[in-house]
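Participant: Mind having a look at this structure? Questions to follow.
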């Protein structure tokens, strides 16, 4: 009898193990109460205490707001800083430098308009994307993209001249219009290369195309107007590459491109410019907001390695880390490379960016637009 009681007491001590007290040190999980009516601000605020990816999105909102709220005046002046850097007004004017990276599919989607809003109001400082993130923005100024379905048969769509991007449809005519628009611009750029010795980099090409499109629905137009650099090291990986390929036969030597390759684009100039954006951030903190993975994610992170890592990082993507891909890697992996600082504020939101990013912007950049409009225009 006594032995049985001892066994039961041992079992009870295992099952009913005493807990650490989390009261006051951890967020209590509770969702939004719709009995209080529909209040979107409170609904979004409640995500932080909902759990799972809603909580991660809540953390992302908090971190981006920390990026936007940071001023150099929050830090103690260094012993070797200049007189200007000691000036109180100057220190209050210095904000976090924000790098925004995103993949092309997001420009194909309606997230393009969210990106345009940020660039239009100078809420980000550096943009990195893929070739599709450039061309899709320009093409949408010429012709629209339409909603389709993920399950539409590829062979049927091909017979109709319709290209599918997930559940979006892009008529092939859009690319024909793009060719008609861009080739004369490439002709002009080639003439400037020959006669004026202009050395084109991807970012210079992008700025020129943005100037020529002259359309306020384009985020590239606003980047050009606001002098926000847009980097794309993979500029040839898309329709832009197709156009450059065709143009090289038109202006270059079709039989011996070594003698005359046509329009030349220098990628080394841009890697210097991109890395310099991080290196010369100086006393500013840097923040990374990266939508999707691949080239933009790595390019932004790698540039920040040049300054011993970013101070804030928000990733939004659905990629998994277990195949070793950079796309799926969590922020902590970037810490091991020196791309994010050890004490940085970071989060990865495992979610489709078309869902998460507009909510994030609503609760951060858009909510703070009035207070940001003055100070970020001075940066």
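Each residue, glycine too, has its Cβ placed from N, Cα and C.
From Swiss-Prot, here are the annotated features:
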ACT_SITE  339  active site, nucleophile
BINDING   104-108, 130-132, 136, 237, 293, 318-319, 352-353  NAD(+) binding site
BINDING   135, 136, 242, 298, 324, 325, 326, 333, 334, 335, 336, 337, 338, 339  spermidine binding site
Participant: Out of 106, 293, 353, point to the one nearest residue 338 (spermidine binding site) in space (Cα versus Cα); all of them are binding-site residues in the record.
Facilitator: 293
Participant: Of the recorded positions 324, 326, 334, 339, which one has its Cα closest to the Cα of residue 131 (NAD(+) binding site)?
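Facilitator: Comparing Cα positions, the closest of these recorded positions turns out to be 326.
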Participant: Can you tell me how far the Cα of residue 293 (NAD(+) binding site) sits from the Cα of residue 334 (spermidine binding site), in Å?
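Facilitator: Counting only the Cα atoms, the answer is 13 Å.
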Participant: Record lists 135, 136, 242, 298, 324, 325, 326, 333, 334, 335, 336, 337, 338, 339 as binding spermidine; longest Cα-Cα distance in Å?
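Facilitator: Largest Cα to Cα distance for the spermidine-binding set is 38 Å.
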Participant: Could you state the CA-to-CA distance between residue 135 (spermidine binding site) and residue 353 (NAD(+) binding site) to the nearest Å?
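Facilitator: Cα to Cα, residue 135 (spermidine binding site) and residue 353 (NAD(+) binding site) are separated by 20 Å.
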Participant: Tell me the Cβ neighbour count for residue 338 (spermidine binding site), meaning other Cβ atoms within 10 Å of its Cβ, over all protein chains shown.
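Facilitator: Other Cβ atoms found within 10 Å: 16.
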Participant: Specify the count of other C-beta atoms within 10 Å of the C-beta of residue 319 (NAD(+) binding site).
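Facilitator: That number is 18.
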Participant: Between the Cα atoms of residue 108 (NAD(+) binding site) and the residue listed as 'active site, nucleophile', what distance do you get, rounded to the nearest Å?
Facilitator: 29
Participant: Cα within 10 Å of residue 326 (spermidine binding site): which of the recorded positions 104, 106, 136, 319, 339, 353 qualify?
Facilitator: 319
Participant: Inside 10 Å of the Cβ of residue 108 (NAD(+) binding site), count up the other Cβ atoms and send me the figure.
Facilitator: 21
